[in-house]
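See structure below.
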Amino acid sequence: MSPSAPNTNELNSPVLETQPLAGDAALLHSSIAAGYEEIIRAPFDYLLNLPGKDVRSKMISAFNEWLCIPADKLEVIKRIVMLLHNASLLIDDIQDSSKLRRGLPVSHHIFGVPQTINAANYAYFLAQQELPKLGDPKAFEIYTEELLSLHRGQGMDIYWREASKCPTEEEYFSMVSHKTGGLFRLAIRLMQLASDKNWFVFHTRDFVPLVNVLGVIFQIRDDYLNLQSHAYTVNKGFGEDLTEGKYSFPIIHSIRSDPTNIQLSSILKQRTTDVDVKLFAVECIKATGSFEHCKEKIAELVAEARQLIKEMGNSVPGSAEAVDRVLDLIGLEPESS
């Protein structure tokens with residue numbers, strides 16, 4: 001018989017048939033797996049215990065001033081967003097070859113890449129497991145739509161970096177809307193779904209446009225701080241976006257402001273860790289007025305967000321002050337942060 005030919009006796013053998021676990025056997029296997037829960041979650045829990053600003057949780061609490069969600073459902077939504085946000089950070093750090101997260105070594109440098117990827121994927125499904133608690137099957141639809149959106153945005157960002165292709169600002173805004181805006185939208189859409197004011201929200205006002213603007217402000221500010229903030233240097237390392245080869249907002253503006261100067265584009269391709277080279281790149285970005293452009297764009301978007309908040313405050317019962325405070329948290333003049 002040929003070595004590649006199937007053994008019919010083996011194919012028909014009942015020993016090879018997969019049988020469902022039942023009774024004590026099922027309980028035993030479940031108990032064994034449960035004993036590994038802490039190990040499986042270790043990369044995730046390590047990241048979770050690092051200090052952070054918890055902007056997304058504060059945003060959820062702020063919007064609840066308008067939406068009045070029952071406390072149990074509000075905690076479910078916060079947990080879903082927390083799980084997804086931290087899972088995405090685990091994957092981001094691997095894809096970006098990051099070394100620091102919040103001032104300490106990234107998870108995959110401690111637990112290894114395979115275990116960290118598994119922990120991140122595990123967290124995605126822990127989040128999905130929470131959805132039935134919201135009591136509406138549409139929650140699954142929202143969850144799927146926004147996770148697909150998040151991965152589309154991440155794919156665009158990775159493609160530009162790996163292909164050394166500088167996007168336009170319009171393409172950048174589209175990417176941010178998908179990637180950064182995805183979790184913001186997921187939170188608010190689930191909140192609208194669970195709100196005691198559901199009838200009012202769906203028939204008169206939609207909070208998603210405001211959340212989209214907040215997401216863009218958050219990302220541009222983050223891009224600015226990556227290259228200009230001392231605190232960011234302590235937490236993530238100096239000019240990490242340059243080492244990563246990332247087309248961030250100030251870098252895109254700088255390259256497109258002077259297409260004949262290939263110095264900045266060339267530095268991005270090098271994935272440099274040399275501080276002197278990165279300092280030179282920062283000077284190139286300054287020379288094209290790109291940091292000022294960032295601040296102007298942030299100010300423009302903050303004004304747009306405040307107008308949307310004002311309109312919401314005039315038409316939706318509840319206080320707008322909490323949302324204003326979240327805007328202050330993510331939209332202050334970058335140099336003061």
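Cβ coordinates are placed from backbone N, Cα and C, and glycine is handled just like the others.
As written in Swiss-Prot, here are the features:
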- LYS53, ARG56, HIS85, ARG102: isopentenyl diphosphate binding site (BINDING)
- ASP92, ASP96: Mg(2+) 1 binding site (BINDING)
- ASP92, ASP96: Mg(2+) 2 binding site (BINDING)
- ARG101, LYS179, THR180, GLN219, ASN226, LYS236, LYS246: dimethylallyl diphosphate binding site (BINDING)
- ASP222: Mg(2+) 3 binding site (BINDING)
- TYR124: site 'Important for determining product chain length' (SITE)
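Here the features listed in Swiss-Prot are painted onto the structure.
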{"residue": "HIS85", "record": "isopentenyl diphosphate binding site", "contacts (Cβ under 8 Å, 6+ apart)": "ARG56, LEU183"}
{"residue": "ASP92", "record": "Mg(2+) 1 binding site", "contacts (Cβ under 8 Å, 6+ apart)": "SER98, GLN154"}
{"residue": "ARG101", "record": "dimethylallyl diphosphate binding site", "contacts (Cβ under 8 Å, 6+ apart)": "LEU47, LEU50, LEU89, ASP93, SER107, ASN235, LYS236"}
{"residue": "ARG102", "record": "isopentenyl diphosphate binding site", "contacts (Cβ under 8 Å, 6+ apart)": "LEU50, PRO51, GLY52, ASN235"}
{"residue": "LYS179", "record": "dimethylallyl diphosphate binding site", "contacts (Cβ under 8 Å, 6+ apart)": "LEU150, ARG152, GLY153, GLN154, MET156, ASP157, GLN219"}
{"residue": "THR180", "record": "dimethylallyl diphosphate binding site", "contacts (Cβ under 8 Å, 6+ apart)": "GLY153, GLY215, VAL216, PHE218, GLN219"}
{"residue": "ASN226", "record": "dimethylallyl diphosphate binding site", "contacts (Cβ under 8 Å, 6+ apart)": "TYR232, LYS236, GLY239, GLU240, ASP241, SER248"}
{"residue": "LYS246", "record": "dimethylallyl diphosphate binding site", "contacts (Cβ under 8 Å, 6+ apart)": "ASP96, ASP157, ARG161, LEU268"}
DSSP three-state assignment (helix, strand or coil) for ARG102 (isopentenyl diphosphate binding site): coil
Recorded positions listed as TYR124, ASP222, LYS236, least Cβ neighbours within 10 Å: TYR124
DSSP-derived structure type at LYS53 (isopentenyl diphosphate binding site), helix or strand or else coil: coil
Inter-residue Cα distance where the pair is ASP222 (Mg(2+) 3 binding site) and LYS53 (isopentenyl diphosphate binding site), in Å: 13
Check: same-chain CB within 8 A of isopentenyl diphosphate site center, minus LYS53, ARG56, HIS85, ARG102: GLY52, ASP54, VAL55, ASN86, LEU89
Cβ-based isolation winner (fewest other Cβ atoms within 10 Å) among the binding-site residues LYS53, ARG56: LYS53
Alpha-carbon spacing, TYR124 (site 'Important for determining product chain length') to ASP222 (Mg(2+) 3 binding site), which is rounded to whole Å: 24
Cβ neighbours of ASP96 (Mg(2+) 1 binding site) where a neighbour is any other Cβ within 10 Å: 18
Mapped DSSP class for ASP96 (Mg(2+) 1 binding site), helix or strand or coil: coil
For isopentenyl diphosphate: widest Cα to Cα gap among LYS53, ARG56, HIS85, ARG102 in Å: 16
Packing count at GLN219 (dimethylallyl diphosphate binding site) (other Cβ atoms within 10 Å of its Cβ): 22
